[in-house]
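Written below as C-alpha cells is the structure these notes are about.
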Amino acid sequence: MLGREYDLVVFGTTGFTGKLTAEYIATGLPTDLKWAIAGRSQAKLEAVAAECKTLNPDRTQPAIEMCSLEAEELNALAKKSTLLISTVGPYSLYGEHAFKACADNGTHYLDITGEAVWVSSMIKKYERTAKASGSIMIPQIGIDSAPADLVTWSICGMIREKFSAPTAEVIMAVTLDSAPSGGTIGSVLSILDVYSVKELNEASSPFALSPIPGPKVKSAVPWTTRLFGVRAVPDLGVLTTYIFEAADRPLVQRTWGLLGGPNFYGPNFQFNEYLKTRNHLTAVLTHIAMVVGSIFLLVPFLRTFLKTQVVQPGDGPSKEQAKKGKVVFQAIGTPDVASPNPPRAVCKALYRGGAYESYQSIEISIPPAAALDVGQKRARLHGSNNPSRYALYESISENYKKGLFDSPLRQCSTEAILNKNVEAFYTREHLEDILELKLLKRGASIAKNPRNLTRPRTQNPNPSDETSHTNGEAGSDGISSTNSNFLTAEEKVLSRKECAALDRESAGTLDGLTKDLVVVLATCAMGAVVQGWSQESIVGANLDWPLEFGLATKSQDGTFVPSSYNALLYFGLVNAMPYFAASVLGAWVSDPITNYHGRRLALLFAGVCSFAGPIGAAGCHSWWQLLICRFVQGVGMGAKSSVSPRWLMKKGRYGEAYLALERLRETPLQAARDLYLIYAQLKVETLLFSGETITEADLNKLLKGDENIENDGTRTARPGFFGRVAQLFTIRRNRRAVVASCIAMSAQQFSGFNVFAFLATSLFVNSGVGNLSNLGVTIGFTAANVLFSASAYLLIDKWGRRTLLLSSLTLMFPFLLLTGHFLDMDINGVPPLASVIPLLILYTALYSPGAGVIPFMYSSEVFPLVHREAGMSLACAVNFGFAGILALVTPLYSTALNHKYLKLLGAFAGFDAIAAIMVWLFMRSPSEAVSLEEMNYCFGAPTGRYMDYQVSVALPWTLKQPLRLFGITVTKKPEFAEWYHDAAENAAHAAA
C-alpha cells in the first residue's frame with residue numbers, strides 16, 4: 001500500500017511468540033524491509049530491538065511503536081503499516097481490536113491463533129468491512145493450524161495430479177515432542193470465559209468457516225474410535241483424540257470451500273486429525289484424559305485455579321529446551337474411487353526444535369507496497385526459499401474473489417523485467433523486419449498501464465511531425481525507472497498523432513476507424529445480410545409452398561387451413577430445420593475447420609452451404625425435399641465465425657498478426673500494444689485455464705520464452721476440439737462464461753421477436769391482413785430493425801453490454817402484451833393496423849440495439865482465447881436450438897388457441913421477464929469498453945459472490961434512483977470489480 005510508513009509491524013513483540021517472530025524477521029527477511037515492533041513496555045521493546053541488532057547488524061533495524069490494546073491506539077498503528085502481525089493472545093480476550101483496526105484501515109493482517117470460534121466471529125463481523133477496504137485477513141498461520149491446512153492441500157493436489165480423482169479422506173497424525181507456549185495454554189483456558197459451549201460446538205463443526213455449505217457425507221470415523229478414542233491406521237500407527245482438531249478441521253474445510261468445494265478437494269471430502277501414541281493403552285488413557293479435562297474446563301472455578309498453575313501468556317520454554325523437541329505432521333489421503341484397495345498419497349512435515357523452531361518457520365515475505373499473497377505465505381511454511389507454483393495463482397484467485405482483477409503484464413513489477421521479456425519476445429519471433437524494438441517496448445509499456453506514456457505538456461504546432469516530443473513525466477505504475485535501456489524520457493511521451501488516436505479509440509467515434517477496419521465491418525455486415533437471407537428466405541414462400549405441396553388450403557377469408565395436424569407439424573419443421581441444423585451440426589464444425597484450415601475456409605464452406613440451400617429449395621417438389629435443402633442452408637448459417645488477428649497468434653504467426661493489427665489501428669503504437677498484450681494473455685491463460693499454476697518468476701520465464709516452462713499453445717500441443725469443449729465445463733471460469741453466454745443467447749429467443757421475424761407473413765395472413773398490407777408491415781418492421789440496430793454502435797460502450805440487454809428485455813415486456821391484444825381484435829375481419837404497426841415498430845426499436853445485437857457480440861467476447869471458437873459454437877448452438885423450437889412450436893401453439901395472439905405473445909412476455917431476471921443475476925459485463933483480453937477477468941469471481949452483489953448492492957441502489965426526482969442525492973453504486981492496481985492506487989490517493 002502506497003504511502004505507509006512501514007511494510008510490516010509485529011504487535012505484541014515483548015511476548016514469547018512475538019519475540020521469536022521479530023528475531024526471525026531480523027535474520028530471514030530482506031534487509032531493506034521497513035518494519036517496527038510494537039507493545040506496551042518500552043524497556044522490553046528496546047531489549048528485543050537490541051537482540052535483533054545483535055543477530056543481524058547490517059539490516060534495517062526495527063522502529064519502536066508504543067501501543068496498548070485500546071482501539072484508538074491500534075487504529076493509529078494500523079494506518080502506519082501495510083501489514084500487521086498480531087501475536088497478542090488469547091485472541092478471544094485481546095485480539096478483536098487489532099483485527100478490526102486492520103479491517104477498517106485497509107491493512108493486511110496475520111495472526112497465529114488456534115481459536116476457531118474467535119475466527120468464525122471475526123469473519124461474521126468484519127468480512128464485508130475488510131473486502132471494502134482491501135484488507136487481506138489471514139488468521140491461523142501458526143504451528144497450531146497452518147501445517148494441517150498445507151499438508152492437506154498438498155495431498156489433495158497430488159491425488160488430482162497422479163490419480164485424476166477427488167479426495168475421499170485425509171487422515172493426519174500429529175507427533176508432539178515439545179512444550180507449548182503460555183499463550184497456547186491461555187487460549188485453551190480462557191475461551192470458555194468468552195464463548196458458550198453451544199458457540200464452541202458450532203464453530204468446531206467441519207464446515208463452520210467454509211464460505212459454501214459442505215456436503216452431508218457419512219462419517220468415515222469408526223464408532224469404536226468415537227467411543228474409546230483409538231484408531232489404528234496403516235503407516236500412521238495408533239492414533240487417539242487430538243485437542244486441536246476442533247481448530248484445524250474448520251480451517252481445512254474453509255480451504256475446501258475457498259478452492260471451489262467439490263471442484264478441487266472433492267464432493268465427499270473428509271478431514272480427520274489425531275494425536276499419535278505409542279500403543280493402544282496410551283491412546284485410551286489420553287482420550288479419557290482429554291474428555292475429563294474438557295469436563296473440568298466447563299467448571300468456572302476449576303478454570304480459574306488451573307490458570308494460576310500453568311505457564312502464563314507471554315512465557316514459554318527456553319531456547320535450549322525447545323531445540324530438543326520436534327513436531328511432526330504426517331497424513332495419508334485416499335482418492336474417492338470405487339475400488340476395494342484404492343491407492344494412497346502420503347505427505348509429511350517435520351519441524352525440528354518443536355514450537356520454537358516452528359514459530360520461526362513462519363516466513364512472511366511482504367515486498368514494499370505489495371499485496372499480501374496468501375498462497376505464497378502458506379507454501380513457505382515448508383521453510384523453502386522458493387515460492388510454490390501455488391503462489392501467484394492463489395494470489396490471482398483470491399483477488400478474483402474480492403472482485404480485484406489484474407492482467408499478466410502488471411505482475412512484471414520492474415522496468416528491467418519488462419525490458420528483458422519484450423526483448424526476448426522480439427528476438428524469438430524474428431520481428432526485426434516487421435517493427436522496431438523501441439516501438440514494441442512503448443507498446444508493452446502502455447499495455448501494462450496507459451499512464452506509463454504521457455501526453456506532451458504543449459501540443460506540437462506541426463501536425464505532420466509525429467516524432468516531436470516535449471518534456472513530460474511518464475506514469476509509473478510502480479515501475480522502476482533505473483533501467484535506461486528500456487525507454488528514454490522522450491520515448492515515454494506520446495506524439496500528437498498517438499494522443500489523438502488514443503482519444504478517438506477511447507471515445508469510440510466513427511472517425512477513428514481505419515479504411516481496413518471499415519472494410520472488415522462492411523464484410524461482417526454482408527455476413528449478417530447473408531444470415532438474414534438464410535433466415536428470411538422461407539418467409540415469403542410460406543404463403544404458397546404449403547398450398548403447393550398439399551399441406552394446407554386457403555379459406556374464403558384468405559386464411560390458411562392446415563390439411564391435418566401432421567401438415568401443421570411439417571410446416572413448423574421446415575421453418576425450424578435451419579436452426580436445428582445450425583445448432584446440432586453447423587455451429588460445431590466451425591471450430592475444427594477454423595483450427596486446421598483457417599477461418600477463410602470456414603467462411604467459404606458457410607457461404608457455399610448458404611448459397612446451395614436456397615437454390616436447391618427453388619426446385620423442390622415435396623416438403624421433405626425442401627426440408628433437406630433447409631438443413632444444408634442451416635449448416636452454412638452455423639459454420640461461420642468472425643475473423644481476428646488472435647487466430648494468427650494462436651498459430652505462432654506473430655509477425656502476420658502485427659501486420660493485421662496495424663491495418664486495423666490508427667497508429668503503430670496501438671498495434672504494438674495489442675500484439676504484446678494478446679501475446680502475454682495467451683501465454684498465461686493457457687496455463688491458468690488448463691489447471692497449471694505459476695509464480696511471478698515463472699511468468700517472467702514464460703514471457704522471455706524459457707523452453708522449460710513454455711506452454712503458450714503455439715509450439716506445444718493444445719487440447720483438441722473435444723478437449724476444448726470439455727474444458728468449457730470443467731474449468732470454473734469457462735463454466736461461468738458458458739452460463740452467461742447461453743443466457744444471453746436464449747434471451748434473444750425468449751424476447752419473442754423472432755415470432756415476427758421468422759413467421760411474419762403467415763402470422764399476419766392468418767390475422768386477415770391482405771398481401772399488400774402484409775408487405776408494407778414487413779418492410780416497416782425490417783427497416784426499423786436495421787435503423788435501430790445501428791444505434792447500438794453509439795450505446796454499447798456507453799451503457800455497457802449487460803445494461804443495454806437488460807433494458808431492452810425489460811422495456812419490451814408491455815409491448816408484447818399490447819401487440820398480442822390488438823392482433824386479436826377484429827375490426828371488419830382485420831386487426832387495427834393503425835395500432836399494431838406503431839406498437840410493432842416501438843417494440844422493434846427496443847429489441848434491436850439490445851436483445852438483437854448483444855447476444856452474439858457478447859458470446860464472442862467472454863471466452864478465453866484458447867476456448868473462444870468452442871465457446872462461441874456452444875452459445876450459437878443454444879441460440880439456434882431455441883430458435884428452432886420457436887419456429888416449430890409457434891404454428892402449433894397459435895392455431896390451437898382462442899385469443900391465440902394474446903396468449904402466444906403473452907407467453908413470450910413471461911419468457912422475456914424470466915430472461916431479464918436471468919440476465920440480471922448471471923450475465924457479467926464491464927460498465928465500459930474493454931479489450932477481449934480484459935473481458936477474461938470478469939469471470940474470475942465466484943457466481944455466488946456476483947449474485948450476492950446484485951441482490952445486496954445493485955438492487956437497493958437501483959430502487960433508490962427515483963429519489964433523485966425529489967432532489968435527494970444517491971451515492972454512486974460500488975463497482976462489483978475493479979483492477980487491483982487501480983484499487984491500490986485509489987486507496988493510496990484517498991489515504992493521502
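Backbone N, Cα and C define each Cβ position, glycine as well.
Copied from TrEMBL, the annotated features are:
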DOMAIN    9-137  domain 'Saccharopine dehydrogenase NADP binding'
TRANSMEM  281-302  transmembrane segment
REGION    448-482  region 'Disordered'
COMPBIAS  451-482  compositional bias 'Polar residues'
TRANSMEM  567-589  transmembrane segment
TRANSMEM  601-617  transmembrane segment
TRANSMEM  737-765  transmembrane segment
TRANSMEM  777-796  transmembrane segment
TRANSMEM  803-823  transmembrane segment
TRANSMEM  835-858  transmembrane segment
TRANSMEM  870-889  transmembrane segment
TRANSMEM  901-923  transmembrane segment
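Through the fold, the transmembrane segment (870-889) approaches residues 569, 572-573, 575-580, 582-584, 586-588, 590-591, 634, 637-638, 641, 721, 724-725, 727-728, 734, 737-738, 741-742, 744-746, 748-750, 754-755, 758-759, 855-856, 859-860, 862-863 of its own chain, all at least 6 residues removed from its boundaries and within a Cβ separation under 8 Å. For the transmembrane segment (835-858), same-chain residues at least 6 beyond its ends with a Cβ under 8 Å from one of its own Cβ atoms are 740-741, 744-745, 747-748, 751, 753, 756, 777, 780-781, 784-785, 787-789, 791-792, 795-796, 801, 804-809, 811-812, 815-816, 818-819, 822-823, 875-876, 879, 923, 925.
The stretch from 281-302, 601-617, 803-823, 901-923 that makes the most Cβ contacts under 8 Å with the transmembrane segment (567-589) is 601-617. With a threshold of 8 Å between CB atoms, the same-chain residues lying at least 6 positions outside the transmembrane segment (901-923) that come near it are 739-740, 743-744, 746-747, 750-752, 755, 767, 802, 805-806, 809-810, 812-813, 816-817, 819-821, 823-824, 858, 890, 893-894, 943, 946-947, 950. Within the domain 'Saccharopine dehydrogenase NADP binding' (9-137), the DSSP-based counts of helix, strand and coil residues read 69 helix, 23 strand, 37 coil.
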